[in-house]
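Novice: Questions regarding the structure given below will be posed in turn.
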Amino acid sequence: MGEITNVMEYQAIAKQKLPKMIYDYYASGAEDEWTLKENREAFSRILFRPRILIDVSKIDMSATVLGFKISMPIMIAPSAMQKMAHPDGEYATARAASAAGTIMTLSSWATSSVEEVASTGPGIRFFQLYVYKDRNVVEQLVRRAERAGFKAIALTVDTPRLGRREADIKNRFVLPPYLTLKNFEGLDLAEMDKSNDSGLASYVAGQIDRTLSWKDVKWLQSITSLPILVKGVITAEDARLAVHSGAAGIIVSNHGARQLDYVPATISALEEVVTAAAGRIPVYLDGGVRRGTDVFKALALGAAGVFIGRPVVFALAAEGEAGVRNVLRMMREEFELTMALSGCTSLADITRAHIYTDADRLARPFPRL
């Protein structure tokens, strides 16, 4: 293959390089994978209304997330077990994020520990958290993330049980024997049993707390001073509850279409959540973001920033740290170009009037003058 010109090209390379079980784990979605496809396709139904003859010789893409200044509103979502993709795993991702001046979110189910990732050098990092049945485990994880200098907790709230990922069932997915879930070493929670199903599904069934509810968000606030992002909100009702719970922010996410199939694409759910949050807390988005144009569309619909997951893992598999750096560079350059061609010189310039959605077409066939 010649020069990589967009982030999607890394997926084909990753598919060639990775064992089938590992590629399928990263790439697949739940059941019919309708939402997996829709996460991408919904972006293609949003069109631009660019403004012209505006001086775009200087463009500022910098963003502030929970008080932290970053170079662009494009961050790295938590993706589990990255050493399956490349021996450097989360180390490489952390270094690439830091070099790009943006935020990495480390998965609870990482193959590198919070301490190891912190040792890669300075950087703004968030820690993604699942709530285990044993709350002592949760407290230990949060304390360790705090000590390692992590700046926020991204609490995943859409996984009381693991979605039915049929590729993982067919492949009997299990973490390869040479790897462990590093954050759980010494807690008897670092390995998965080979089972007649997906090993990860069995692990979740055994360890993750199905009783998790809004009161536990309050409990989490009682054990940490770190801001808590609620990750997995896709309705107005839950957005209002997230605000009421004292969350520092919301991540509109359908878990990469890996949990409940036939939920809307995150970009389709975004405006409802933003409207319900009513500016009280910031709203972020993950799911299906592959282009700078996607980033712009999310910001026009009210997102304060986006997270990318699979593109990072596929680039990691293809080219290690250099691949992740390249993904962040391409996304940044595409986003900057989209801003310029839309007549925007800062994030504050990006408005709802810059895009045209399915809902707009139903409400009025042509924009009012």
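Placed from the backbone N, Cα and C atoms, the Cβ positions cover glycine too.
Straight from Swiss-Prot, here's the annotation block:
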- His255: active site, proton acceptor (ACT_SITE)
- Tyr25, Tyr130, Arg165, His255, Arg258: glyoxylate binding site (BINDING)
- 78-80, Ser107, 128-130, Thr156, Lys231, Ser253, 286-290, 309-310: FMN binding site (BINDING)
- 1-360: domain 'FMN hydroxy acid dehydrogenase' (DOMAIN)
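Please situate the listed features within the shown structure.
Specialist: In the three-state DSSP classification, His255 (active site, proton acceptor) falls within a helix.
A coil conformation is recorded for Tyr130 (glyoxylate binding site) in the three-state DSSP classification, outside any helix or strand. Sequence-distant neighbours of Tyr130 (glyoxylate binding site) (same chain, six or more apart, CB under 8 Å from its CB) are Ser108, Trp109, Thr156, Thr159, Ile208, listed in sequence order.
Taking a C-beta cut-off of under 8 angstroms and a sequence separation of 6 or more, Gly288 (FMN binding site) has the following same-chain neighbours: Asn39, Arg40, Ala42, Phe43, Ala265, Thr266, Ile267, Asp294.
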Novice: Which whole-number value in Å describes the distance between the Cα atoms of Ser253 (FMN binding site) and Tyr25 (glyoxylate binding site)?
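Specialist: Between the alpha carbons of Ser253 (FMN binding site) and Tyr25 (glyoxylate binding site) there are 18 Å.
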Novice: By CA distance, which of the recorded positions (Tyr25, Arg165, His255, Arg258) lies nearest to Ser107 (FMN binding site)?
Specialist: His255
Novice: Measuring Cα to Cα, tell me the gap between Pro78 (FMN binding site) and His255 (active site, proton acceptor) in whole angstrom.
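Specialist: Their Cα atoms are separated by 10 Å.
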Novice: Sort out the sequence-distant neighbours of Arg258 (glyoxylate binding site) for me: same chain, 6+ apart, CB within less than 8 Å of its CB, listed by position.
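Specialist: Non-local contacts for Arg258 (glyoxylate binding site): Ser28, Gly29, Ala30, Leu36, Gly163, Arg165.
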Novice: Compile a sequence-ordered list of residues in the same chain as Gly309 (FMN binding site), six or more apart from it, whose Cβ lies below 8 A from its Cβ; state 'none' when nothing qualifies.
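Specialist: In sequence order, the residues whose Cβ lies under 8 Å from that of Gly309 (FMN binding site) (at least 6 apart) are Ile76, Ala77, Pro78, Ser79, Gly256, Asp286.
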Novice: Near Ser107 (FMN binding site), how many other Cβ atoms are within 10 Å of its Cβ?
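Specialist: For Ser107 (FMN binding site), the count of other Cβ atoms within 10 Å is 23.
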